[in-house]
Amino acid sequence: MTQTFHEPSPSALMLLGERRDPLSERGVDCPGDLPAASDPDLVERARAAKEALGDRVFILGHHYQRDEVIQFADVTGDSFKLARDAAARPEAEFIVFCGVHFMAESADILTGDDQAVVLPDMAAGCSMADMANINQVDDAWAQLEEAGVASRTVPVTYMNSTAAIKAFCGAHGGVVCTSSNAEVALRWAFDQVGGVDGDGKVLFLPDQHLGRNTAVLQLGMELDDCIVWDPRKPLGGNTPEAVEAARMILWKGHCSVHGRFRRAHVDRFRAEVPGINVLVHPECAHEVVTAADFVGSTEYIIKTLDAAEPGSSWVIGTELNLVRRLANAHPDKEIHFLEDTVCFCSTMNRIDLPHLVWALESLAAGEVPNRIVVDAETQRLAKVALDQMLALPALNPAKD
Ligand code: SF4
């Protein structure tokens, strides 16, 4: 079979990882030999390095990655699927994670100690995960203890969080969830403290939108049952009475990509394209999700479009790389992007072809660059919360 390779996109010409902007390139270390984005041989170099490594390397590509990178992925998927795919390849010495930092941490937790997880650009973080650091969460928990509610509160963290936050949940009887299983995770969490109709609480980290959308639309709670916890304010910016009355304590975090979509975008498409189907990710704001026809994870979005009728019209509220690929894969359907400006995930886009080539060539030369290592105690506790997620009963298989 002949394979067509994608050349670097024009935006790959941004100079990344070359220490030209120390503030935005924190942690970046590509010592001297990061290939130029203009190198016409990048595609061939990546192919040759991957071939030289053979089964020793396994490349994971998140759905939001650039075309120029995803073409070299052995598997594609969302963050949890990729971490599980990595765990299923114990023979691979190197796992190259084309995604963002928290995903590579999860892969390190779920893979063997003899496997090295490599993130081609250490500056590929996640703005949402960065909105909850462990010191802030420890501090919030201490305040909940002082307010007398911590013993009735279960912490639940979205997969999109640091290993330290997952470990916090493991240490405090909590669980990790994904956008596919948030409902069942929340039901399990409430069951630990008297059930959905009791007086227990969930501290949901770090995405307020996924927490609110799941609690209101799937568990039947009221918006008033949810409060937002701002880590910069005493008691998260709430009164003691509001904390006592709340069922869902939502960390003040959001995705900078999905947070851009507005109700007005939905209204505009409905006015302009009669009969259009609106399909959005649950990281979108409540006003967007309640205006949509379908809501689900990236895997759900992909499956929904696969099953859609030819000739049907869709507008999608998720990251632009994925929407563009879906539009290319379904020329028989009309597929729009739910925004009027470009809306890539800027941190996902840090992984470009020069960084992938640099990582693969380094590995082929016997060096392990940008290895992601989670310390043993954090791994142990984070795995408690991840294993608890894996033990949850299946629910909503349509939205896997
Ligand atoms: S799309 Fe949002 S949640 Fe995903 S990596 Fe980018 S900022 Fe983080």
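Every residue gets a Cβ built from N, Cα and C, even glycine.
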Same-site residue for iminosuccinate (record: TrEMBL; known: His62, Tyr158, Met159, Asn160, Ser179, His281, Pro282, Glu283, Thr298; options: Ser79, Ser151, Ser312, Ser313):
Ser79
Using Cα-Cα distances with a 10 Å cut-off, which of the binding-site residues His62, Tyr158, His281 are near Cys126 ([4Fe-4S] cluster binding site)?
none
Taking the binding-site residues Cys126, Asn160, Cys255, His281, Cys345, which residues show a Cβ-atom distance to ligand 1 below 6 Å?
Cys126, Asn160, Cys255, Cys345
Output, ordered by sequence, the same-chain residues six or more apart from Tyr158 (iminosuccinate binding site) with a CB under 8 Å from its CB, or 'none'.
Met128, Val176, Cys177, Thr178, Ser179, Ala182, Phe204, Leu205, Pro206, Asp207, Leu210, Gly211
What count of other C-beta atoms do you get within 10 angstroms of the C-beta of His62 (iminosuccinate binding site), across all chains shown?
27
